[in-house]
Amino acid sequence: MSVERWVFPGCSVMARFRRGLSDLGGRVRNIGDVMEHPLVELGVSYAALLSVIVVVVEYTMQLSGEYLVRLYLVDLILVIILWADYAYRAYKSGDPAGYVKKTLYEIPALVPAGLLALIEGHLAGLGLFRLVRLLRFLRILLIISRGSKFLSAIADAADKIRFYHLFGAVMLTVLYGAFAIYIVEYPDPNSSIKSVFDALWWAVVTATTVGYGDVVPATPIGKVIGIAVMLTGISALTLLIGTVSNMFQKILVGEPEPSCSPAKLAEMVSSMSEEEFEEFVRTLKNLRRLENSMK
């Protein structure tokens, strides 16, 4: 009988602990599969873009307290998404501390805009106006940092996304934009969006940047949604057009033959059985003899 069963009769604590670690490792791998999915990476890039829009709107527009609270809540949700992506990339690197040192420029993008506004108001109440100016400079730095985060995220996602990913992203942009604008604009008597069809028409026109101008948002939050739909629509449509042109190029010109790198060759050889390896060596020798005989 093992020591652990003698100490804990009828159960194996260490075995359960090992199984728990194995299950945890499997869950981490599953989380990795989710985080590295092209649509998730595209969603992270859109979250970075929307976070830039939120900070720009908060910095340039005079919003009432109710709208500011909603804006800060949206920003907090976006920052949580960016934090999750950053934490996963740091874990995946194998050296989280080293990764943080290399990506210090991304840290300002992870600061909620509401926290900066809270600190700024507190410092203004104490009369520390120089520090208030410093915080306003940090807000500009926040915009720049989140903008660079968006560019790096969209570049990473562009290598993996396919046609149906982009088509789905365009459709989701239209549907979510229509839903959001309808919820925000319908109660306003001055808004021209009076039905679901008006909202859907507005979302399609805005996402494709046609902009007829017959249906426009009237509320500040509606205008923020309009900016988000325009920018996300432009990004998705640009990538979609590039993907379609690449597909036609492959059809007309043909795909290049994949090269066999030394790493792929070593992996192929290591996966062979003894008989397959011997057959592989004999084939190579026959090819060498054939090549020498043709010289």
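Using the three backbone atoms N, Cα and C, a Cβ is placed for every residue, glycine included.
Annotation source Swiss-Prot lists topological domain 'Cytoplasmic' at 1-38 (among others).
Taken from Swiss-Prot, the feature transmembrane segment applies to 39-63 (among others).
Annotation comment: Swiss-Prot describes 64-67 (among others) as topological domain 'Extracellular'. Distant neighbours of the topological domain 'Extracellular' (64-67): 220-221; these residues of the same chain sit at least 6 beyond its ends, with a Cβ under 8 Å from one of its Cβ atoms.
According to Swiss-Prot, the transmembrane segment annotation covers 68-92 (among others).
DSSP places the residues of the topological domain 'Cytoplasmic' (93-96) in helix, strand and coil in these numbers: 1 helix, 0 strand, 3 coil. Per Swiss-Prot, the feature topological domain 'Cytoplasmic' maps to 93-96 (among others).
According to Swiss-Prot, the intramembrane segment annotation covers 97-105 (among others).
Feature annotation from Swiss-Prot assigns transmembrane segment to 109-125 (among others).
Sequence annotations record features per position, and here Swiss-Prot assigns transmembrane segment to 129-145 (among others).
Summarising the annotation, Swiss-Prot assigns topological domain 'Cytoplasmic' to 146-159 (among others).
Sequence annotations record features per position, and here Swiss-Prot assigns transmembrane segment to 160-184 (among others).
Cβ atoms under 8 Å from those of the topological domain 'Extracellular' (185-195) belong to residues 202, 214-219, 222 of the same chain, restricted to positions at least 6 beyond its ends. Positions annotated as topological domain 'Extracellular' by Swiss-Prot: 185-195 (among others).
Per Swiss-Prot, intramembrane segment is recorded for 196-208 (among others).
Counting residues 6+ beyond its ends, the topological domain 'Extracellular' (209-221) has Cβ neighbours under 8 Å at 61, 63, 67, 70-71, 181, 184-185, 188, 190-193, 198, 201-202, 230, 233-234 in the same chain. Sequence annotations record features per position, and here Swiss-Prot assigns topological domain 'Extracellular' to 209-221 (among others) based on sequence analysis.
According to Swiss-Prot, the motif 'Selectivity filter' annotation covers 209-214.
The transmembrane segment feature in Swiss-Prot is assigned to 222-253 (among others).
Note on the topological domain 'Cytoplasmic' (254-295): its mean pLDDT in the predicted model is 69. Taken from Swiss-Prot, the feature topological domain 'Cytoplasmic' applies to 254-295 (among others).
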Residue numbers, six or more beyond the limits of the intramembrane segment (196-208), whose CB comes under 8 Å of its CB atoms: 170, 173-175, 177-179, 181-182, 185-186, 215-217, 226, 229-230, 232-233, 236-237
Cβ contacts under 8 Å made by the topological domain 'Cytoplasmic' (93-96) with residues that lie 6+ beyond its boundaries: none
